[in-house]
Amino acid sequence: MKKKNIILISVLLGALLLITGCSMDPSQNTDGFFSTYLIQPFTSFIMFVAKFVGGNYGIAIIITTLLIRALIMPLNLRTAKAQMGMQSKMAVAKPEIDEIQARLKRATSKEEQANIQKEMMAVYSKYNINPIQMGCLPLLIQMPILMAFYYAIRGSSEIASHTFLWFNLGSPDMVLAIIAGLVYLAQYFVSMIGYSPEQKKQMKIIGLMSPIMILFVSFTAPSALALYWAVGGLFLAGQTLLTKKLYMNKHPEIKVMEQEEKEFEQIVEEQNKEK
């Protein structure tokens, strides 16, 4: 789990550095693979959609965002299904894992710790558990799309100069930035449904990093990007709820594990109060 968190944090930081660190004017360089095959087609498609909605680039961006999310949705659902399967295996293996972790805490020598860690790996192998085998691919696929979208907005004077609702698409908007951050914060809490308290603690840093990054970038990026995040985040929250409904009932042991951990935490809290 720690290794997976490190990978995801690296990916998110990479996206942040790419967006905030690239200060070149995209209109000055129209050549190259990225510009030719990603940025320009993106710009053309947004303008194409805008023609059908009265030249409203805000609505065109919303439609484009929903189309992007719909295209990525099968991959996200497949990843979510794999994650549910992994949670199910972890729930079944939990008694053995807890016993090994308890002995690992009591271990006094490095040799003893190494032997116990080998036992842990044996349990993972026994139940075919590999926490890092899924989870990063959808994020990696979205990164070039996000970058193309960002530069398509910056490189198009038509999009950048358009006003939608109360904000200009080419300029930062604090209110929309906060909305985008809050949407992804809500999405984080939705995504934690079904996870055990222990897993929620492990995922807390990486889970909160995404809305913080989105909020930070949206304060300085064109508001069209914050619009993309806000709409995409709402879609993702709905998709996550659908995923939980589709797959969680197939793995009742996940709910049992979560309920047992909640009951255990309540017992510990009551004991602490009595003291």
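Along the chain as shown, the residues are counted starting at 1.
Glycine too: its Cβ is placed from the backbone N, Cα and C atoms.
Positions annotated as signal peptide by Swiss-Prot, on the basis of sequence analysis: 1-21. Residues or ranges marked as S-diacylglycerol cysteine in Swiss-Prot: Cys22. Look at Swiss-Prot and you will find Cys22 tagged as N-palmitoyl cysteine, backed by sequence analysis. Among the features that Swiss-Prot reports, transmembrane segment is placed at 48-68, 132-152, 174-194, 212-232, with the record citing sequence analysis.
Counting only same-chain residues 6+ beyond the ends of the transmembrane segment (212-232), those with a CB under 8 A from a CB of the stretch are 12, 15-16, 19-20, 57-58, 61-62, 65-66, 68-69, 146, 149-150, 153-154, 159-160, 164, 167-174, 176-181, 183-184. Within the chain, the transmembrane segment (48-68) has long-range Cβ neighbours (under 8 A, six or more residues past its boundaries) at 145, 149, 158-159, 162, 164-165, 169, 224, 227-228, 231-232, 235.
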